Amino acid sequence: MTTATSPTDAADRSSPTAGPPAGTAGGTTSERRRRERRAGWLFVLPDAIGLLIFLGIPMVLTFVLSFFRVNGFGAYDFVGFANFQRMFSDPQFTSSLLRSLVYIVILVPLLFVVSLALAILVTKKIPMIGVFRSAFFVPYVVSLVVVGLVWQFMLTDKVGVVSRLFSGIGVEASWLGDPKYALASVIVVTVWYQMGYYMIIFMAGIQDIPKEYYEAATIDGAGGWASFKSITWPLLRPTSFFVLLTTTIAALTGGLDLIYVLTKGGPANSTTLVIFYIFQQAFQYGEFGYAAAMSTFLVLVMLAISMVIFAVTRGGRFDND
Amino acid sequence: MPETPQHVNPSTDLSGGLNRRRLFKMGGAIAAGSIATPLISSCSSASASEPLRFWNFYSPVTQEKEDLQRQSDWFAKLVSDWNSSHERQVVLEYIPGQAYSGSKLPTAFAAGNGPDIFLISPGDFLRYQTGGVLADLTPYMTQEAIDDFFPDALATRTVDGKVYALPMEIEPLTIFYSRPAWERAGLSEGDIPTSWDQLLNVADKLTSASSSGLVLETVPGYYQNFTYYPWFWAANGKMFNEDQTAATFAGAAGEQSLRFWADTVRTGVAPRTLPAAGDLVGALSGGQAAMWHSGIWNVVAFQLNAPDFDYGVFKTPWPSGGEYTTALGGWAFVANAKSRDAQAAAEFCVYALGSMEDHSINRMVDWCTYAKSDIAPRKSALQRGTAKGGYDTPVMKTFKDDIFPGGRGEPRYPPVVYKAISDAVQACQLAGADPAQAAETANKAIDAYLKTYDGPRME
C-alpha cells in the first residue's frame, strides 16, 4: 500500500540534520520554512494593504484631524486639545455616550439570547425547518433603509399595525414618538434585523459539536436543558465569544442608518446614540475636527470594552487550552 | 509500483513558466495600476475642457410620479438649452434628496471636490457663504433683474449687498385641511380658525381614534425648525436683539409658541409621529389626518396624485396680541467660488433664473406653475404665471393673494442656533419639558455662540 505524501508533510517530518541533500529541488528545511513564511506574507499582503489604506490611514488621519478646527471648506486651524476639552464639557456628547452604553447593555444580551435560541430551534429536526431558517435570515439581506421605512409604517401612531395590535389590548403608546419607548423600539427593530445573521453563526458552532456527545448524554438520561448546559453551552464558547465581541462593536459603532431613517435621533434626542451625534456634528454642522475627536475617543472606548470582553471570556478559549 | 509524488517546488515554479517572482511582479504592477488609475483620472477630471458638474436632487432620473418627472425634465431642458448656446458645457448629476445635503455635499466640499453648481437651502446658506465657496453673482446680473426679485426672497441670500444665491421658488407654509373630515365633524368654512385657541378647539373636534386633528412636524431637523418659526414670529418673537449681540428667544414669544406646540401633543390632537410616513396627500385623502401644517409644494402633489380629493388651505392662525405671518422657504441656485470656472458657473445660475431675458423669466414660470406649485420669486415671473392661469385655482389664488404676502424669508441660522431651537422644540413637543425652562436653555446656548460670532446677519 502506498501513501501519498505532500511536500509539506515531508518537510515537517524531516529533521534539520537529516534533511534532503543540498541542491535538491526542495532545498533545506530552513530554506523551505523561509519560503513558506514568505508565501504566507504574500497571501496576507493584499488584505493588509486594504486594511492599511481603508482603515489604518483613515484612523491616523482622524486622530490628526482631532487637533484641528475644520470648517469643511479647506480651512484647518490647529487647536491642540480644544476639541477633546469641548467633548468632555458637551452635555449632549456625554448623554449620547451614556445612551449608547444603555443601548449596548440591552441590545447585546437580547440579540445573543434570541439568536442562540433560534439557532438551537432551526438545528432541530422539525418539518419545514428550512423555510423557517430562511425566513429568520431574510431581514438581514433586506436594505436597512427599507427595514427602517417598513417599521416606521408599522409603528406609526394610531394606524400602524403594531400600534393597532397594542391598542387592541388596551395599550396606547407612541412607539417612535415618545422618548420613553423610542430607544426600546429601535432595539427591537435591530434585534429583528440582525438575529438571522447571528443565528447562522451559532448554527455553524452547534453543527461543529460532535453528535456522539449528545447520544452519550441521552443514554445517560440527560434531558434537553442538561445537554444544553453541559454540552452545547461550553462547546459554543469560541462562537459565543465571537458573537459577543462583534455585536458589542456593532452596537457601539453601527445603527446609524436605522436611526437616520426611523427617528433622526428623536424624539427629544432619545435615540441619539454617540455614533449618530458624531455623524450630525460632521455632516450636518460641518464640525469635522470635533467629530474626529469624538471618533478617536470612541475607538478608545471600543478598545477598552473589547479588552474587558477578551479578559472575561479568555478570548473564547476552552478551559484546558 | 509506488506512486511518486510530483516533486514540484512551489516557490519557484507555479505553472507554465509563471514563477512566484514573476507573479509577484505582476501583482505589484496590477496593484500600482489600480491605485494610479483613479489618481490619474481624477487629475484629468479637473481639466479645463470638462463640463461643469451641477449637483441636484431632481435630474437626470426617470420618475414614476408625473410631478417628479416634470421637475426632472425641467432641469434637463435648462441644461440642454445652456449647452446648445454656450461653449462651457454643464452636466447634471443626480444625488438622492436624503443624501444630498445630509452627507454628499458636505463631504464633497470637505474633500475639496465640491460641485461647480448646486442647490442650497436657506438653512445651509450661511455656512457655505462664510466658508467662502459661494460665488458672488451680482456682477453677472443687471440691477433691473435684482430689483425684479421680491426683497424677502433675495434678502436671505444676500450678504453686504452682494447676491450669492438665486431662489428658484418661494414656498410658503400654511394649513391644509380635508373638507370631508370637516363635514364629518360638523364643521364648515365659517369655523376656519384664526387664533391658536380656535385651532386647538377645531383640531379637537377633528380628532378620532384613527385620525389626527392637526399634524405639526415631529421629526427633528432643519425642516421642523422651518415649520416652527411662523408660530414664534406670530407671537411677535425675535431671535436676537437689534445688533445681534444677544439672544431674545427666552421671552414671552418663545415660551408661548413652545407651549402651543406642547399643548397640541399633550391634548392629543396632534400625533407624535407623522401619519402615512409624512405623506400629506396620502394622509389627508386616506382619512389619517384632518389638518396639516405644511407647504405650497403639496398643491401639485394633490393635483396629480389625488385630483378629486376636496381640500382647502387657510392662513396659519396667530395668538391674541400677535399677528399673521408665515415662513417662506425654497431652494436656490449657487455657483462654487472655487470651481475651476467659477465665472461660467455663476453665469449659468444667472442665465437660468436671474436675467431679464424671456427664457429666464419663462423658465421660472414653468418651474413654479407647471413642474411644481410655488410662488415665483420674481415679480415679472409671478405676473406672467398669473396671466397664464398658473394661480387660477382657489388654492393657488389663496396662496398668492393671502398667504404669501404676510410671509418672511426662512432665516439662515447657523448650526449652533438651529440646534438650540430644535432641542427646545423637541423637548417641549415630545418630552413634556417646561416651555419657559426650554426657551431659557436655548437662549443661553445662542447667547454663548453670539459672543464669538462675527459673521453676517442671520435673518
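Yeah, the Cβs are placed from backbone N, Cα and C, and that goes for glycine too.
Under the heading region 'Disordered', TrEMBL lists A:1-33.
What TrEMBL records for A:14-29 is compositional bias 'Low complexity'.
Residues or ranges marked as transmembrane segment in TrEMBL: A:41-68 (among others). Note on the transmembrane segment (A:41-68): residues 76-81, 83-84, 288-289, 292-293, 295-296, 299 of its chain, located 6 or more positions outside it, place their CB under 8 angstroms from a CB of the stretch.
What TrEMBL records for A:97-309 is domain 'ABC transmembrane type-1'.
Marked as transmembrane segment by TrEMBL: A:101-122 (among others).
Proximity of distant same-chain residues to the transmembrane segment (A:134-154), defined by a Cβ-Cβ separation under 8 Å and at least 6 residues beyond the stretch ends, is recorded for 118, 122, 160-162, 176, 185, 189, 192-197, 199-200, 257-258, 260-262. Annotation source TrEMBL lists transmembrane segment at A:134-154 (among others).
For A:181-204 (among others), the entry in TrEMBL reads transmembrane segment. Residues 99, 102-103, 106-107, 110-112, 114-116, 118-120, 122-123, 133, 136-140, 142, 144, 147-148, 151, 155, 173-175, 236, 239, 242-243, 247, 250, 255, 258-259, 262-263, 266-267, 270-271 of the same chain lie 6 or more positions beyond the ends of the transmembrane segment (A:181-204) yet place their CB under 8 Å from a CB of it.
The transmembrane segment feature in TrEMBL is assigned to A:241-262 (among others). Nonlocal intrachain contacts for the transmembrane segment (A:241-262), taken as residues 6+ away from its ends with a CB within less than 8 angstroms of a stretch CB, comprise 100, 103-104, 107-108, 111-112, 115, 144-145, 147-149, 151-152, 176, 185-186, 189-190, 193-194, 198, 201-202, 271-276, 279, 298, 301-302, 305-306, 309-310, 313, 315-316.
The transmembrane segment annotation in TrEMBL covers A:288-312 (among others).
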Could you pull out which residues elsewhere in the chain have a CB under 8 Å from any CB of the transmembrane segment (A:288-312), counting only those six or more residues past its ends? 59, 62-63, 65-70, 72, 76, 79, 83-84, 86-87, 93, 97, 104, 241, 244-245, 248-249, 252-253, 274-275, 277-279, 281-282
